[in-house]
Ligand code: IP8
């Protein structure tokens, strides 16, 4: 059983203050992961060589990385060949990753960092390649790989941003994950009355609420996310921090997206 869990930038950082970890939220998420590990459930450290449940964690940037990227005009499509700028963006994300990995280790979770800049590349058509030998071996040896949104080299563009969401879908496919969880500060995909939609099995069913593809940033972001998750072979759960325990216990949490 392989689970890919994304902790959104809003869960691990205080987005209102640059480069600030949200201690309370991060501690709560770490405690949920550590509890699941201790009980040998879907999460951390349950795996040992030869099988068992395993967990990959991905985190977003929140108040880390984004402002550095903006300062240098770097996005997922706009690149830079300024090595100093690439290092500055990566270094911010690496420091956040250090904080997440350290807290997980302090809670007894055998977490290890995986930095996309050192392994991933985009081709000239924007396709992402992320070799997963190291991550897969970490899992089979009982470790918990912790990846993060990052800056990655990009053919004909220098280097561009890869988001945590894109890493989640790439990891879920490449590792043949059984479950995917996206934990952010919203409790799920919301309908027009701000109620959580329990299950989505086809984009047409929610297009009116999510606004299709021609939308504002916020709903466009969720529309694109839902589309990508519907294409995965594994069920994906979109939920808030309060539902992390339930997700890690194997229960349905927030909105379940099954393509
Ligand atoms: O917060 C951003 O990752 P995201 C990574 O998942 C950056 O979009 C800005 C380097």
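A Cβ is built for glycine as well, from the same backbone N, Cα and C atoms used for every other residue.
Just so you know, TrEMBL annotations are computer predictions that nobody has curated.
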| Need a hand: TrEMBL gives 6, 7, 8, 9, 10, 62, 221, 225 for ATP, which of 158, 164, 174 is also on that list? | 164
| message | Please identify the range among 1-20, 21-40 that TrEMBL labels region 'Disordered'. | response | 1-20
| request: Could you say which of the recorded positions 15, 66 has its Cβ with the most other Cβ atoms inside 10 Å? | output: 66
| said: Using a 6 Å cut-off on Cβ distance, which of the binding-site residues 6, 61, 66 come close to any atom of ligand 1? | reply: 61, 66
| Overall pLDDT for the domain 'Aspartate/glutamate/uridylate kinase' (1-232), taken as the rounded mean | 91
| field | Between residue 61 (substrate binding site) and residue 225 (ATP binding site): CA-CA distance (Å) | value | 17
| said: Among residues 6, 7, 8, 9, 10, 62, 164, 221, 225 annotated as binding ATP, what is the maximum Cα-Cα distance? Answer in Å. | reply: 17
| query | When DSSP states are folded down to helix, strand and coil, where does residue 6 (ATP binding site) land? | reply | strand
